Amino acid sequence: VLAESLVVFAVVLSVHGVVWDRFSWCALALALQAFYAQFKWDRLLQQGGAVFQFRGAANSGLLPASMVIPLLGIVMKERCRAAGIVYFERFGVVVASTGMLLALFLSVLAVGITKPVPTNTCILTGMAGSVIVYTMKHSLAVSEVIEVLEVLLIFVYLSMILLYLLPRCFTPGEALLVLGGVSFVLNQLIKRSLNVVEGRGDPIDFFLLVAVVGVVLLGLFFTVLFLFMDSGTWISSLFFHMMTAVLGLGVIMPWLYRLIQRNPLLWLLHFLFQTQTRLYLLGYWTLLAASACGVVFYQNAKRSSESKKHQASTVTRKYFHFIVVATYVPGLIYDRQLLYVAAVLCLAVFIFLEYVRYFRIKPFGQTLRHLLSLFLDERDSGPLILTHIYLLLGMSLPVWLFPRSCAPKGTLSGAGALVPYSGVLAVGVGDTIASVFGSTMGEIKWPGTKKTFEGTMTAIFAQIIAVALILIFDSSVNLNSSYAWILASVSLVSLLEAYTTQIDNLLLPLYLQIMFMA
């Protein structure tokens, strides 16, 4: 935990060494109090007094999770300020303020339920809260303060519902990232739906917002429904499919139509088949999807009746990382907008299939349970299997969160040009190489972990080679001699991968994106 915290503090200080303003004091105060509050959460998890059931075999992860959203907002604000885009500069301020308030709320919750009340942590949390509130008072307009409080309110209610319905699926830090992100997306969708201006806003952004909120609401609806009826019967399964069609065609489609002012299905078909390049990419991705399914079926066929408890090895699970890299790199080079929309569609399909598996919806629910059980690891301790969804999110978030409006000619200067590649580098290359080489040839272990020195060094070297290949094949990337910063960014994120017990597929790309954007 201490080593992980040191790496996070190094990232925070590195970012604010480049970007220093009034929010820097807030971020440092937040990091310091989150460091202390993290130990209170860890003690609560060990004693079973954390109100909800969180994922075991991991620490709370409060510090690394607390800094992600504030740092993203700060670096986005600076990039958009440099580009002269005032609207998105203010948006970055709102993102940073929201992230700080959500993290502070989670820390106050830990302090409040710890007995006896930790005096020093209370004082530190109060001081950090005072600094953050004072800065927000002098930085945000009234409408922006209301927006921040709306997200906090949504986060509180969403946390109470989902953490109760889905025990052992998240650590407190992962809950902050996932539920905080969903809360922000829901608030943005409501805000934009109430203020629709024809011709304003990119349809692909609206598509992301509606898809995320739609699948979450679908899951909440069926979770509550199946508390009162058996989900494994044919009647329940038929009702599931009918209600999915009704909600999709009767709620989600009209909602999207209101936002983009055109038929969503016709727009999507026209978008997907607009150019010859897109047809080639879609055909190529279909082949890769078929190969991924082939790996699943082949590995299950190898499982003999004598070894039903056999689990897939680390190297086997990393096959999917290689397939994902092969999927994303051509999309990033040739058509990022298509990759953006395809990733949204894939996320919706993944979550829908997880609903089918979790609720045992006929005819495929039980089959999915059997096929995916082979690939479970210690992080899938709850009722949901989330690691493949986290992998998709880790690769897609840098593409979705890339500030296109603040990027002249569609790309940022310097290390910022690598922002869309953050997922590919951190998860697709770094994490994969570290796991494969560390588990097969690693001998020197980092203190207190199972990760090896050889795995980390190989991961750093592989990511540097990947950056060189990106420079060769992607003509839009111009690093402007920012090689030392790239090396430092890759090294810090690789060290974080060695020490964190959180979901690295989700955490690492976001930290690498923050470093590149700074």
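Each residue, glycine too, has its Cβ placed from N, Cα and C.
As recorded in TrEMBL, the features of this protein are as follows:
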TRANSMEM  7-36  transmembrane segment
TRANSMEM  56-75  transmembrane segment
TRANSMEM  87-111  transmembrane segment
TRANSMEM  148-166  transmembrane segment
TRANSMEM  206-228  transmembrane segment
TRANSMEM  235-257  transmembrane segment
TRANSMEM  277-298  transmembrane segment
TRANSMEM  340-360  transmembrane segment
TRANSMEM  381-401  transmembrane segment
TRANSMEM  421-441  transmembrane segment
TRANSMEM  453-473  transmembrane segment
TRANSMEM  485-512  transmembrane segment
Region pair the transmembrane segment (87-111) / the transmembrane segment (235-257), three or more CB pairs under 8 Å: no
Proximity of the transmembrane segment (381-401) to the transmembrane segment (235-257), 3+ C-beta pairs under 8 angstroms: no
Contact call for the transmembrane segment (7-36) against the transmembrane segment (485-512), three or more Cβ pairs under 8 Å: yes
Selection from 206-228, 277-298, 453-473, 485-512, the stretch that has most Cβ pairs under 8 A to the transmembrane segment (56-75): 485-512
Touch test for the transmembrane segment (340-360) and the transmembrane segment (206-228), at least 3 Cβ pairs under 8 Å: yes
Stretch with greatest number of CB pairs under 8 Å, the transmembrane segment (453-473) reference, 206-228, 277-298, 485-512 candidates: 485-512
